[in-house]
């Protein structure tokens, strides 16, 4: 059996019906069947949420991502204006569809046992986790460029009533030609409220102390905490905490050479008490964020010039850290300079062709 046939059979199995069968309950009655609109490619990701495939829209050869979500795995549902009950992820994606920093939903289908979510698939891209793994700690200029985009996208999401709840490097795509970022995977998200959240399906090492201690949190302060972890990750090459007790203790160790304004910003977001953290507007107004941006080209490093992470071990996979430790140590290798082999002009890089 060839690979494509195996993938197709797997796709049919998790959808709960053959691809050639009629749509069970589409969002509109005259919706074209999936197999007439899209072609299915390779499996590119999987997890507790379901499976993600590469694909192509047949009309114009547009690259798409095809996400399959089993109904039995969905915890949060939302009823649309047409009275259709869908996973809340679909509603959240619809709300943020017009935001330039968020992945755009193109279509969705309902099957007897699953939902199929069709999204844009920008190219060429690399997720920020892999980008940091390849390049090591990023220079402050690039950190600022990326972080401004991430914070602004978070602000816009909150403005339209969406809280992502799983902000991390693996959920951010880097366009290797433009340096523009896209926030993906709203499967752990929720509608933003001023009330207390008592559920959390995101990545534990990005979760705030109040969730670890009390299993409750507010949307914006928790987002700010995750943003602080993310900024530390970009600047230092790995996350600051692994264990629950480390998160609650919140003792930060910075590698040598980071500027004082950058360290101050990270500390101002990673406060144990939620009320002491900066809010989103405060982050954007921070002096480090207000420094002028230089033109930065996102490129691939030349072969043989990749540095290790500041801990002397590979960049930790946060998916593994839901349940176990990765061996990350808090003692940062102070022998590395602030750029860790990368200069702001990317003179030792070859651009993506």
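Just so it is clear, glycine is given a Cβ too, placed from its N, Cα and C backbone atoms.
Automated prediction, rather than curation, is the source of TrEMBL annotations.
Features reported for this protein in TrEMBL:
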DOMAIN    38-289  domain 'Protein kinase'
BINDING   71  ATP binding site
REGION    300-353  region 'Disordered'
COMPBIAS  305-315  compositional bias 'Polar residues'
COMPBIAS  316-339  compositional bias 'Basic and acidic residues'
COMPBIAS  340-353  compositional bias 'Acidic residues'
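If you take every residue in the domain 'Protein kinase' (38-289) and average the pLDDT, you get 97.
Taking the Cβ of residue 71 (ATP binding site) as reference, residues of its chain lying under 8 Å away and at least six apart in sequence are, in sequence order, 113, 114, 115.
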